[in-house]
Amino acid sequence: MSKQPLRVGIGGPVGSGKTTLTLSLCNALRNRYNVAVVTNDIYTEEDAQFLVRHQALAQERIIGVETGGCPHTAIREDASINLEAVAQLSQRFSDLDLILVESGGDNLAATFSPELSDLTLYVIDVAAGEKIPRKGGPGICKSDLLIINKTDLAPLVGASLEVMDRDARKMRGERPFLFSNLKSGEGLDQIIDFIERQGLFKT
């Protein structure tokens, strides 16, 4: 009987940095763990093609799922299309350690079905404004790790990282969050450490 891989859901609004995070995680983890990816796009397989072009993983380790008009349905209410992709990858690579499931562009109410994801990372970006953490929603309040990305843009959009920090603490209680600039790699080590600790790869 093959082992069950850890399934990590990566959610967040369009443009927040989900695909950059997925690429960064693949680059950092592929030599340490047996990794595969499922991406969700509304009408194309653009994110999957992006990962292949950037040599995140071998092409056969990446499956792109087309969700149609409701990307959140494919990760929550009816996750069957994603569960099928996860099953295909698990069959193709019997010793997988980790499957990253990147959602399509979500609204703040989107969450992963517990059937599909063991651990959820939710990415928001500073450019969307400092008010985003206090808007709440399941991704911001209930994800296992909230990632506030693109910290370098704060001065350009007039966003206060201090306000975002305060609001994230208020909305999340004890749940962890961190600031990142995935373009430069800032915060990536902390994200990897979180996945390894929560996924029992590291004690």
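Heads up, the Cβ atoms here are built off N, Cα and C, so glycines get one too.
Look at Swiss-Prot and you will find Gly12, Pro13, Val14, Gly15, Ser16, Gly17, Lys18, Thr19 tagged as GTP binding site.
Swiss-Prot feature annotations superimposed on the structure.
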residue	record	Cβ within 10 Å
Gly12	GTP binding site	27
Pro13	GTP binding site	19
Val14	GTP binding site	11
Gly15	GTP binding site	14
Ser16	GTP binding site	27
Gly17	GTP binding site	24
Lys18	GTP binding site	29
Thr19	GTP binding site	22
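Sequence-ordered, the extra residues of this chain that approach the GTP site, with Cβ no more than 8 Å from the Cβ center of Gly12, Pro13, Val14, Gly15, Ser16, Gly17, Lys18, Thr19, are Gly105, Val123, Asp125, Asn149. According to DSSP, Ser16 (GTP binding site) sits in a coil region rather than a helix or strand.
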